[in-house]
Amino acid sequence: HDNILIISSVVDSGSGSNRLNNNRSMFQIQGETFDKRLASVADLISQKKNIVVLCGAGISVSCGIPDFRSKDNGLYNNLNYQELGLTCAEDLFDLNAFSEDPRPFWKFVRTNNFASGKIAPSTSHLFLAWLDEQQMLLRIYTQNIDGLEQSAGVDEDKIVYAHGSFKGATCMKCKAKYQSSELRLMSKQEVPVCHRRIAKKGKISDNTAKTNSIEIPPERRSSRKRSSNNNSMAEEFYPPPVEQGCCGGIIKPNITFFGEKLESTISRRLEEDYKKADALIVMGTSLSVAPMSKLVGFLPDNVPRILINRDIVQVMKSSTQNYKKQDEFCLFDACLLGNCDAVTQAIKAKMSNRDAKSEYEHYHSGRLVTDNNNGTWLKNQPRESVLLFEGALLSAATKEEATLPAQNVVVHCDHCENEIKDQIFCCKICFDFDLCSLCYPKVKLTHADGKHEFTIEST
């Protein structure tokens, strides 16, 4: 279900949505030297009181948690999926694969201490907590499931876990809820199962028989075959037996797998924050997973956008963005390229009016983009908006064949909640409000009193 969203046509006409476009006035970085341009960006951030942050796996790499897609250390490129009994690395976070056999996922969780609560936050996480202390942070939309933003000290109410977290779990059968402390103990088992007593008339399910923890329609059941390597996970999965009268359902952490719809609270929070946000910082993400990648284009045009990442990234074309071609559009007002910890350490020092050179041990490696260090500059991102720190890459800005990242997305109808497999009717005003072709004719009349425009996208 890895679908590419393609714009096909506009459904309704009207006033148009206030979304990112070619002609927005961008913040201009001032200064001729690296130090002055860094100070210019720090001054911009210091003036803001309602900063929205979109962060990804790149801010947790220094904690020992791999990102997903980098070529050298990314999870998908380094996971021994055959040893886990999977057909491909992406199956690790696939809902159908988990429902058929949760053992590979839970083995991965135990091996990497995801549910242990013992992983310490990074310098980047602490920078976010510092922004919160300074009363500059409106919201963090994190694509990470490690919960380290809260561990660093960020107010829980200011964190939106776009893909869920390990701070809780749910039984896929009886829907019983488990806290993080319970999950830590349960994650030590090969497959955690629900031991809650069920007050239910009739026959209690027999866990000695093969059964899925949830019913999956035949058309959505995974067609992938288990790896035929010589390990126990190549065998059929049978849920562990439980005491009679207990549920016995499979426990799933409260994270969003591929094939699941995002929580509706995410869209509501974004729409609440739309009018308040005065800056956007994008940190440690490839912007390759929808719908959160659309956040960059969702906020108003006058909100400055700052990228803290190893490489330049651009969001995929979407119906909510009116630019014509990728190379005609400048996405970020400032690109601070390098390891997230290195960048945030230097930015914090500048914002605190301290000597960044003395506090940031790798400060001397900071540099500007010149003809000597980048070769042919192919992207439209102005060179003067780019600062290079330790760990910076320029592959996306200099490769002639560089392309926008493919987005992994499964789209569900916000009315009937079924997966959309043909035309997707997308609201141009709301964040991630999609309808299927069956629901669209009726729902468009009642959604926002019929005042919102829709576009058609195809899978």
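Positions of Cβ are set from backbone N, Cα and C atoms, glycine also.
Annotation comment: TrEMBL describes 31-357 as domain 'Deacetylase sirtuin-type'. Among the features that TrEMBL reports, active site, proton acceptor is placed at H163. Look at TrEMBL and you will find C171, C174, C194, C247 tagged as Zn(2+) binding site. The region 'Disordered' annotation in TrEMBL covers 207-235.
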Across the binding-site residues (C171, C174, C194, C247), the Cβ with the fewest other Cβ atoms inside 10 Å is that of C174
Same-chain residues at least 6 positions away from the residue listed as 'active site, proton acceptor' with a Cβ under 8 Å from its Cβ, in sequence order, are Q143, N144, I145, I255, T256, L262, M292
Excluding C171, C174, C194, C247 themselves, the Zn(2+) site's Cβ centre has within 8 Å the residues M172, K173, K175, A176, V193, H195, R196, I198, C246, G248, G249, I251
In the domain 'Deacetylase sirtuin-type' (31-357), averaged pLDDT is 81
